[in-house]
Amino acid sequence: MTKPNGAMNGHGPIKPDDDKDKLPEVHITSLNDKDEKDELPITHYIKHGHEDHGHENGGFDPDECPDGLRSPALSRRGTWMKTRSRKNSMKSIKSRASSLLSLKSIKDMMTKETIMTIWIQSALPFLIAGLGSIGAGVALNQAQQFALFVNIPQMIGLSTPIMGLKGNLDMTFASRLATMSHQGKLDTWSGIKKRVPINMMLVQAQAIIISFFATAITLALSAIQNALHIQGAPSMDSLGSHIPLMIATGLLTICTSCGVMDTVMATMVIVSRRKNVNPDNITAPIAASMGDLACMCLLVAYGSVLYIPYNSNASWKMVPSIIVIIAIIGLWPFWLYKCLQDEKCRAMLKTSWFSLIASAVFSACGGFILQICINSFPEMSLYQPLMAGIAGNRVAVQSSRIASRLFTHHTSGELPKGNTLWKYTSVLRCYFSKDDDSGAARLLLATAVPFQAIFVSLTYLVSYLLHKAGVINPLPMINWQFTLGYLAAAFVQIFILLYCCQFLVFAMWRYKVDPDLHSIPILTGMGDLFGTTWAALAFIILYQITPSSIRTCWDADVKCS
C-alpha cells in the first residue's frame, strides 16, 4: 500500500505537499485482497459515489471518513491523515467501494440489456402470471354459484377492486424494492433489514384504508344501480346487515394476501439481484396475477366462513365480522407508528393516497361493469381476470423498467437527452423509436396476442378437466369467432395502456413525482377498467353478430346468479 502524504512514519509526521487539495492516490484492492490486478485509487471511489451515502464528497461523509484516510480534502476541519487503525479503515473503504462497483455493474447491466434478454427473463414469469389469472377466473366463475355470492351479489363487484388494489400495493412494493436493488441498497443484510420490513408495514397500513374505500365505492355503485333500476340491480333490503361481512372479508383478504405475497416478492428481488437478473422483468407479473389467484381464493374462503351464521340466520350473525374488523383496525396504529419512524415511509404515507384512490375508483368501476354484465354473460367472469390481469402485468413491467432507469441514470425533474414532455405524447415514439423503453414496448405488444391465445386455450382446457370432474357445468364455449374477438380486444387494450404508461411515467418524473409509487396503481386500475370494458364489448358485439358464439343467461342450460 502506498503511504499517503501526511501519514505517520515511525518518527513523526511527513510534511504534506503544498497542494493540500489534491487527493492522495491510495490504492486498495476493490473486491478481493488476493486479486492484485484489480486495484483502483481511492479517488475513484470518492468521485463515483451514489445517493445511498448522500454526501457531497461523492458518497463519503468527511466526519465518517476512516481515521487512516483523513485529509484536508475530505475533512473541513483540516485533520491530518493518520495511520491509526489502518486495517479497519481499509476494510470500511473496501466495503463502500464494493457497493459503488456493484452500482456500476447494475448500470452496465441495464444499459446492455437487449430485447432478447428481456424476453428470456420475463417469459416464464408472464407464463406463471397467466396461470394465476386463469385460476382467478375459474375461481370467480365458480364463486357465482356459492350462497355468499348469490345472496350478496355486491361481493362480485367487490372482488375486482380488492384484487386490483391488492395487486397495486404488491406491485408498487416490488417496484420500490427493485429500484433499491438497482441502487445497491439491498446488497447487504443490514440494508435488507432496514428497508424491507418497514416497506411491508407501509403496505399493511395502506391496505387497511384502501380496503374500506373499495367496499364503500362498491356499495355506492350498487346503490346507484338500484336507484336507476338498471338491469340486474341487487336488492338493498338486507344490505345493512351484510355491510360488516363485506368489510371484514375485504380486510382479511387484502391484509393476509399482501403479507404473504410481499414476503415472496422481497425474496425474489433479493435472489434476482444475487443472480444478476433484472427484478423489474419478473416481480411485477408474479406479484399481480399469482396475487390475484391467492386473493380470489382467500376472498371466497373468508367470505364463506363469515357467512355461515348469516346462512342460518343466527341472532349473532354480525358478531364474527365485527370482531375481525376491530382486531384489524387495532393493528393500524402500530403499522402507522412504525412507518412514521422512517422518513421515506412517512413521505409515502402523505403522498401515495391520490394514486391509490384513483386506482380504487377505476377498479371499482370495472367491478361495477362486471357485476352488470355477468347477469347476461356468465362466462365473462372466466375471462375478465385474464383480460385485465395480463395487460396489467405488462404495463406494470414497462412502468417499473422505465422508473428504474430514470432513478439510476437521471436526476429527478430532468427528462433523458434534454427532451421535452411533448415528445412522450407521440405514439410513434412509444413504439417505433430507438429508445430502450420503446423496444420493450414493442416486445410487450408483439407477445401480448400469442400469450393471450395460449391462455385462452389453457382456460378452456382447465374448464374441460373440471367439467369432466363434475366441478363446472355447463362447459364454457370456445370457438374461432369468440377467440378472434377476445384477442382483438386484448390487443387494443394493451396498445392503449402501454402508450398511457409512456406519457404517465415520464410526466411524473418531469414534475418530480415518484413513478414507482404512483404510476403502477393508476395504470393497473386503468387496466382493470379497460379490461372489463373491452371484454364486455367483445361479448356484446359477438352476441349481436353471431349469437351462437356466446353463451348467455337466456340459454336453457345456463344457470345465472
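Here the Cβ of each residue, glycine as well, is placed from N, Cα and C on the backbone.
All TrEMBL annotations are machine predictions without curation.
Fair warning: this is a prediction, and the values are worked out from it, not measured in the lab.
As given in TrEMBL:
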COMPBIAS  14-25  compositional bias 'Basic and acidic residues'
COMPBIAS  32-41  compositional bias 'Basic and acidic residues'
COMPBIAS  48-58  compositional bias 'Basic and acidic residues'
DOMAIN    161-300  domain 'SLC41A/MgtE integral membrane'
DOMAIN    384-533  domain 'SLC41A/MgtE integral membrane'
REGION    1-93  region 'Disordered'
TRANSMEM  118-140  transmembrane segment
TRANSMEM  202-225  transmembrane segment
TRANSMEM  245-271  transmembrane segment
TRANSMEM  283-310  transmembrane segment
TRANSMEM  322-340  transmembrane segment
TRANSMEM  352-377  transmembrane segment
TRANSMEM  443-466  transmembrane segment
TRANSMEM  486-508  transmembrane segment
TRANSMEM  520-543  transmembrane segment
Stretch of maximal Cβ-Cβ contact with the transmembrane segment (443-466) [cut-off: under 8 Å; candidates 118-140, 202-225, 283-310, 352-377, 520-543]: 118-140
Interface present between the transmembrane segment (352-377) and the transmembrane segment (486-508) (three or more C-beta pairs under 8 A): no
Highest-contact recorded stretch vs the transmembrane segment (118-140), from 202-225, 245-271, 283-310, 322-340, 352-377, CB pairs under 8 Å: 283-310
Sequence-remote partners of the transmembrane segment (352-377) [C-beta within less than 8 Å, at least six residues beyond its ends]: 144, 153-154, 156-161, 163-165, 168-169, 172, 206, 209-210, 213-214, 217-218, 221-222, 225, 230-232, 384, 388, 517-519, 521-522, 524-526, 528-529, 531-533, 536, 539, 543, 550-553, 560-561
Counts by DSSP class (helix H/G/I, strand E/B, coil) across the domain 'SLC41A/MgtE integral membrane' (161-300): 118 helix, 0 strand, 22 coil
Most Cβ pairs under 8 Å with the transmembrane segment (283-310), selected from 202-225, 245-271, 322-340: 245-271
The domain 'SLC41A/MgtE integral membrane' (384-533): DSSP-derived helix, strand, coil residue counts: 123 helix, 0 strand, 27 coil
Non-local residues, at least 6 beyond the ends, that sit with Cβ under 8 Å of the transmembrane segment (245-271): 152, 154-155, 158, 162, 165-166, 169-170, 173-174, 177-178, 181, 186, 192, 196, 199-200, 203-204, 207-208, 210-212, 214-215, 218-219, 279, 282-283, 286-287, 290-291, 294-295, 298-299, 302-303, 306-307, 310, 318, 320-322, 324-325, 328
